[in-house]
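Student: Quick one: the structure is below, and I'll ask about it shortly.
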Amino acid sequence: MILSQYFSETTVTPGVDVNFQCTVSGPHPSKLVWERDGLVISSNTDSRYSIGQTMTADGSVTTQLNISHARVEDGGLFSCVAHHADNSIAHHDRLNVYGPPYIRTLPPLKVQSGQSVTLRCPYYGYPVREIAWEFKGKEIIADTTTQTNRFKRFTNHTSFSKEIYGRKPKLRGRRQSPTITDGILKIPKVFKNDNGALYSCIVKSPSGEMAKRSFELLVVEAPQLEEIMLAPDLHEGQIVQIHCNLKSGDSPVYYSWLKDGKKIPVSLKIVERSLEVFSVLIIKNVSLEHCGAYTCVAANHVAKVNKTVNLYIKVAPKWNEEPQNTSLLLGRNGHVCCSANGYPEPQTHWLKKDIVSETWRPVLEIAGGGVLSLSNGSLIFDSVALSDAGLYNCHLENGVGEPLSKTIWISVNKPVTFEAASRNLTAKLGQQVSIECLAKGDDPIRITWTRNGKPINPLTQRVRISEVKTDDGVTSVLELIQTETTDDALYQCRAGNPYGADVFSVHLTILEPPAPPTDLSVDFVKSRSVKLSWRDSARSLAQFYSLQIGNTQRLSWGTARVINVTRLDEIRHAIEVVDLTPATGYSARVAGGNQADLSHYSLPIRFTTTEEAPSSPPLGVQLEQTDSPGELMVRWLPPPADSHNGQVLGYRLRAVPQISGLKENEEKSDKTIKTASLYAKQETILSGLLKGVRYAVSIAAYNNAGTGPFSVPLFQDTREGAPEDGPTSVECGGVTSTALRVSWQPIPPHKQAGALIGYIVLYAVQGRHWLNSTSLVTELRLQGLLKYTNYSIKVAGFSNYGLGPFSFPIICSTLQDVPDAPAEIKLLSQSSATLLVSWKKPKQPNGRLLYYTVYCKATASNDGPQQIRVDAQTNSEAYEKSQTLELKGLVEGRQYDVWVTASTAAGEGPETRRVTSTPLQRVVAGVASLGGEITVAVRNSLLLECKSVGSPPPRKVWYHNQNIITHHPRFTRNRDDSLLIKSIDQALSGNYTCLAKNLYGSDSVVYTVKVLPLPDPPALRATPYKDYIVLEWDETKDHENESSYGVSYNLTWREVEGPWQEAWPAARETRINGVHQHTLTGLKCGTKYSIRVTATDAIGTSAPAHIDVTTLGGAPISPLSNDWLWSNASHIYIQLSGWDDGGCDVTRWDVEYRPFGSSTWRRTENKASIDMNLEWSYMEGHYQAPQLRSIPSSYAVGSLVPASWYELRVTAINDAGAASAVYTYATKTLDGEEVGPPLEFFDLNMLVIVCSSILLVVCLLAFFCILLKRHRQNYASQYRHSIAEEVKSRNESVASHSEHKDRYAQAPRIYTSPVQIRKGSKNEMFEISPYAEFALGFRTFDHVENQDLPSRLPSRPRFDTETSFQNRSESDDSDSTSKATVTAIPRRHCRTPHHR
């Protein structure tokens, strides 16, 4: 038992409901009892107490104690006790109810003398400060070694404690004093003189309240018994008394008796008499059944003791089972019983009379090991023999009274027996069979024959039965004259005599050749193995199968390969045949066989093994250099024909550079070529290799199944060329204000493509021409540069063969230097004591300007100049504004010299020219703003200042190219007389003058404004390929300096209706000269793409050049015939190479099928094997993915019904589209024969209906065509004379266009973007698309416009007085140019003038 759930200490206030719960788990249900301070709680204890008990499915018992409205007196130590038999387990914990302390009354505690006692104080109330004990008025000192600052309960959560009323035996010793631990009183040992002792418990609360109660101990002596004595010689029939006497112990004492540990049965008629000090058992007529162990049990209130005595009496032997004359069967087991009762137990002796000596001798001496005498008197014969017959005597004695003896005769008879119980007999069909039955035994013997349990009558069946008597029995022979299949049965020979019977069984099996297996089919085919399966009935006679398989091309069943298969207990048998040849046709058939013969062979089935990668490399490989760097010529012969393992589709060439330090597969080049002839010599050129590097080249052939082994590598060096890579880790830093130090890491040796001569360094300021310098080492110092200027630097290596690619450009700056003098300076009189000085920023700041220093000095004075520091202003406007400073506190009429210097972190620059002015009371009008040239980008805003002085204040007027500026939507004059020009364009460029004038004079400032236009859109050209597009555009000139070095480009593209993507998101590089080119890779085949390119310079970004391009390729094309399909009895195979991919690799195949005549399509999975071990190839200078059209090479539709017609819908899908076609095909018969067409193909009624419908549609179309043609001819004749010249010109244009299209069809198409025409440009030529169409319109005279125009003319753009034209690029049409028919373009006919 285990307490799996129990309660814990609980403290509550009065009136609260309390719930305790315990759960006991164990193999047997337990009885649960609740106790409080050692007293059992029941439902009668208090009406507020309720006890519930439930049992769960796993045998656990849960009990609950509920106390409603708890009171103070409900507190105490609660116990949950579980009992089962003599075992118990308990859990104790307290319930504390707030209230004053009180101690319950308990009855006197009965304890056994010499045992220890543990007393708990049954108090309630809470809180409690102290629990103390007194004995005879004296307080018992508590054990401080274990005392804690809080009273703890003495509990044991895993076993039931019997310490309150229990007794623990202790060794005798000197008397020990009681101890108190956690309020629990422990008395180590009590004695008889402690009887009636009173122990008092005292409980105190923190508030001073106290409760006290005494408890009485009753010490009781345990009973002790004397030894029980019996007379030594007792006999049957005497009177026996068994006395149990009390030696000591306190009354009352209770007696009970047990026999052999159990209650004495009433049937023994034993009388018990008991008094206070003894108990006696009286047996008046003792017999053998009274013998046993008798136990006397004495008990009082504290202990229970017992004594045991054994009662035995002497009894003479009496027959229990008397032996009788017996007949035993020869060869069988036998036994003879002879037993008697008595005490001591009688001993049995078997004797046999010796026939020769006529004396009695022990049986074991005569019979030997075949006879055994058991302890119970039985005589056992293991296998009865004839010698076991004779006289036997059984003798029993135990030393009491007369012994018992009995003589018997044992005879031995011979029953019918067979040497074997059964046998198996096999015979072939039609042969004569004899079944012999030899029965041994005593006469008379009778024999009968049965077949499958039914008697055999020789008069009515094809059998003969004969019997012959022998010395030891009878022999019977059953003859079957001519066996049939019905003779296969169980034959039994039943023989019997008066002493027994036996059966001899013969299982006769008639062997006949089995029936041939059926449904021979191919489960799966691999390159060198095939799994064949066939069906056989569960009752088939076949014991094995003989499978023949041979090559279909040279089939001879006599020399075919034979495989024997053992028959299993299965209806369908399967075997995997290995060691076949790939891509070879085979025929197979199977026959069943047994001990009789082989069956006929099944109808043969034909199959072809799948392809396997070639098993041999190409032969005769030759490798040599070409005249071009980075190329090698390779020649070879195909592998041997017997190692092709299928049709060789092509070859894979692998070129591995022999350079130490390169990672595996790095710089490795692969190339895949398709073969044009299976047995001719092959050759190709490996391009795109590293120059001047030794390569190891090996070749392997491949077919639809994969790639074969590579040939032994051949080594050859490529020719040297220009370096193939640029330097890395390019770094630069400023050395002085006019010098930079550039360093880089050298080009790796395998990228140098030969002997490297040196490096060329290109450097340029943004928007200016590139300058170059060479170096033989990896470091260079550039001199004579602009001060504090950013330079773009890139490095390339060069050799005798040319210049290699440049490194990625980096930006670095020269150091700062002292600036130049400010560009201009102007000094004006502002008042009688103030001068106003203005200046402009230096043309060459040579660094970041920190401040300006203004010097002021009286012209006639020899003192040093006054210095005023002015912080440099940062300017975000389109031009550098002038900076001004008021010089105050000057002397009126005195002349002053003023000059200005600029300063950077490098120091103070040179001073400007000195200007002179005199402060006067009369201030002449003057303009402090400094003019000059201003360059501004188009569409920007420009603010021109006009800061003036004068007294009286001057009047200001703005002029544009000598025209006064008045109200204009582009001009705004601010309150400070500055002029704001909005959205400026080239029409607003020119001179802007601000004139200030007062009574004493005038002054002006002139701004020369130059408006720079946005760059022109690039002229974009595109050449599409299968999966990439090559883009080209000419460089756009910068309008400021007519160069292209400050122009960058942005290229974006998207698939139709897809999101725009940026072609190069990283920093863009501008080429030095020529045409820009970019390749968009990773595109879909046969897909339309939109491409945009914009040019950006310092002015802004141009309008995008837009072009629509379609990559080469189209949707797949399905074959029109069934030539690419073949089948066997259970599969239809589709050779996918018969589908034209349209120039785009097929990415997915969907195959559906349905039985002919059905309306439901079923999707099927490919049962053919797929080789995924394909590699990337290197073709036409680009790495390409393996062709998906070879994944898979064929498609197998399985689990079909033999000799049945099916419809197959095959869908090929690639990037350009999908092609779906339906084919009708049939599976073959089980013997591989073709089946005839279905009856539906020859439905004559359907054929007539279809032909009639087609004829009717053709007639209707012809009728409408004639009407339409006549209608058009009527209108055409009206304008024939007026457009004769136009027709002639048009025909010439069409002929030229057709010739151009013929040339275009043989080469990649080139797309061009429309030319953007800049406004105001008069010298630019219009670029007309070669596919542009022209329509000329004329205004007729003396005729109302568009009067009586035919309503059925094709709708086209309308043209009036001027000749117009339309550009229609290829991107405007959904079809490609190759599909357009120029002659089919409808044209507008001009009406001839006529008069009313």
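Cβ from N, Cα, C; glycine included.
All TrEMBL annotations are machine predictions without curation.
Annotations per TrEMBL:
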- 1-96: domain 'Ig-like' (DOMAIN)
- 100-216: domain 'Ig-like' (DOMAIN)
- 223-310: domain 'Ig-like' (DOMAIN)
- 317-411: domain 'Ig-like' (DOMAIN)
- 415-509: domain 'Ig-like' (DOMAIN)
- 516-613: domain 'Fibronectin type-III' (DOMAIN)
- 617-721: domain 'Fibronectin type-III' (DOMAIN)
- 726-817: domain 'Fibronectin type-III' (DOMAIN)
- 821-922: domain 'Fibronectin type-III' (DOMAIN)
- 910-1012: domain 'Ig-like' (DOMAIN)
- 1014-1115: domain 'Fibronectin type-III' (DOMAIN)
- 1246-1268: transmembrane segment (TRANSMEM)
- 1348-1396: region 'Disordered' (REGION)
- 1386-1396: compositional bias 'Basic residues' (COMPBIAS)
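Help me picture where these features are in the structure shown.
Tutor: The average per-residue pLDDT of the prediction over the domain 'Ig-like' (1-96) is 89, rounded to a whole number.
Helix, strand and coil content of the domain 'Ig-like' (415-509), in residues and according to DSSP, is 3 helix, 58 strand, 34 coil.
The helix, strand and coil residue counts that DSSP assigns across the domain 'Fibronectin type-III' (821-922) are 0 helix, 46 strand, 56 coil.
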Student: Under an 8 Å Cβ to Cβ limit, what residues of the same chain, 6 or more beyond the ends of the transmembrane segment (1246-1268), are close to it?
Tutor: none
Student: Output the single range from 223-310, 317-411, 726-817 maximising the number of Cβ pairs under 8 Å to the domain 'Fibronectin type-III' (1014-1115).
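Tutor: If we count Cβ pairs closer than 8 Å to the domain 'Fibronectin type-III' (1014-1115), 726-817 scores highest.
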Student: Counting each residue once, how many in the domain 'Fibronectin type-III' (1014-1115) are helix, strand and coil under DSSP?
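Tutor: Tallying H, G and I as helix, E and B as strand, the rest coil: 0 helix, 45 strand, 57 coil.
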